[in-house]
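Here the structure is laid out as structure tokens; the discussion comes afterwards.
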Amino acid sequence: MKIIKRKGWLTMDQNKLKQEAAQRAAEFVEDGMTIGLGTGSTVFYLVEAIAKRIKEEHLSLNGVATSIRTRKQAESLGIPMKELDGVDKIDLTIDGADEVDKHFQGIKGGGRSHLIEKIVAINSARNIWIVDETKLVDTLGKFPLPLEVIPFGSGKLLQRLADEGLKPAYRLNEDGSKALTDSKNYIIDLHLGRIEHPHLLAEWLNKQVGIVEHGLFLDLVKTVVVGTTHGPEILDAHRG
């Protein structure tokens, strides 16, 4: 993947970049598909764009949401929604990401939905991410790595993570209470700075009792739609 680095990207509103990328990604949707709908600020625009296509082009689609808020938005716009176990397959899932590196590996979970997002992703025939160009990085880790954890004993888990030098911290709401996921679990963020070996870290995290799921999304995506000041760009791993 080429990493897009341009001066002056802030001259264009970041939300406009997200909106343009989402609209471009919506063009991958085809009639008859079951679509996985991610979560986050960029996906908000995607859901709007898909709903517009359904209305204007009379597409027949089903959606599978990765969060309560995405499902509510989709239903409010008239997108037919299904549960994951209620569909034969998901043809395409489109989601955002908090960081994407040059190897198409990513960090997700800023919206507290990475557990359900990953379940939907691994059950999808194809996954596409939509991001603005600020999310492209050479090395993962500047964005805190989210862990969804069981509340019971989470303090002990936090201490174990601290003992390993992983700089953990509970994610908190504005009132100081612990942030909850849709599954009523806590989020612990790891403030790592750099993740030199994401696969090794993922393997280690997978073995830790109490961690439900981590926010490393590895080897799942081959296409990324990037909102840039010069318009949306499509990065494809198959094209190098």
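Backbone N, Cα and C atoms are what each Cβ position is placed from, and that goes for glycine too.
What TrEMBL lists as substrate binding site is Thr39, Gly40, Ser41, Thr42, Asp95, Gly96, Ala97, Asp98, Lys108, Gly109, Gly110, Gly111, Lys135. Neighbour count (other Cβ atoms within 10 Å of the Cβ, all protein chains): 21 for Gly110 (substrate binding site).
Sequence-distant neighbours of Glu117 (active site, proton acceptor) (same chain, 6+ residues apart, CB-CB distance under 8 A): Gly38, Thr39, Thr66, Ser67, Asp95, Lys108, Gly109, Phe217. The annotation active site, proton acceptor is assigned in TrEMBL to Glu117.
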Sequence-distant neighbours of Ser41 (substrate binding site) in its chain (C-beta under 8 A, six or more apart) | Asn15, Lys18, Gly96
What is the maximum Cα to Cα distance, in Å and rounded to a whole number, among the residues Thr39, Gly40, Ser41, Thr42, Asp95, Gly96, Ala97, Asp98, Lys108, Gly109, Gly110, Gly111, Lys135 annotated as binding substrate?
-> 16
Would you list, in sequence order, the residues of this chain other than Thr39, Gly40, Ser41, Thr42, Asp95, Gly96, Ala97, Asp98, Lys108, Gly109, Gly110, Gly111, Lys135 that have their CB within 8 A of the centroid of the site's CB atoms, where the site is the one recorded for substrate?
-> Gly38, Val43, Val131
Candidate with the highest Cβ count within 10 Å, taken from the binding-site residues Lys108, Lys135 | Lys108
